[in-house]
Amino acid sequence: MLSPTERWSWYHCAERNQLVLDINAELAFPVPFAAHQLHLPKAAQAFTMQDAEHYWLALESLADTCLHHEQQLYFALTAVAALNFMRPQGHKSWYFADIANSKPLHALQTAELVGQQLIKVLILQTDTDCAECMLLSDVTSLTGKQLAAGTVLRLLNSRLRPSIQPLLRKSA
């Protein structure tokens, strides 16, 4: 298990023009978002207690999915990076079906939306009308657009519903 410590910090790697989470001397996590999608820190920024809380909440939600442990870690760290550094996203609601009887959504819970199939997402943040969420797999929208796992989308809440039940874990 990868546990946050006071040594963890975010920094902008100028050589690769990429945000990186420095975990320890041997391990760094390059954030998968392009630099133009992020507000990059000018200096190293500590991984805060709030970051750690978001990390653990995301991991807890992802534990009930069919994702392998490494994928859960990847999405949890990516979610924390998105919450801290992602620039505002435009709406992409038209790519997905309206879901009747949608229930309240909460940050860092898994949810579902409908494209050409049922799609699992991790909710990053919500407000009264919309939610920002991260795709947990590669998907095809209703219009046939291909979207990669880890893509952050802003959607109307009517397109999302809390996950109904955990999916069975894939065997290794």
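Yeah, the Cβs are placed from backbone N, Cα and C, and that goes for glycine too.
Because TrEMBL annotations are produced automatically, they should be read as predictions rather than curated entries.
Pulled from TrEMBL:
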type: DOMAIN; residues: 1-86; note: domain 'Cell-division protein ZapC N-terminal'
type: DOMAIN; residues: 88-162; note: domain 'Cell-division protein ZapC C-terminal'
By DSSP, how many residues in the domain 'Cell-division protein ZapC C-terminal' (88-162) are helix, how many strand, and how many coil?
6 helix, 32 strand, 37 coil
The DSSP breakdown of the domain 'Cell-division protein ZapC N-terminal' (1-86) into helix, strand and coil residues is 34 helix, 20 strand, 32 coil
For the domain 'Cell-division protein ZapC N-terminal' (1-86), the averaged pLDDT of the predicted model is 96
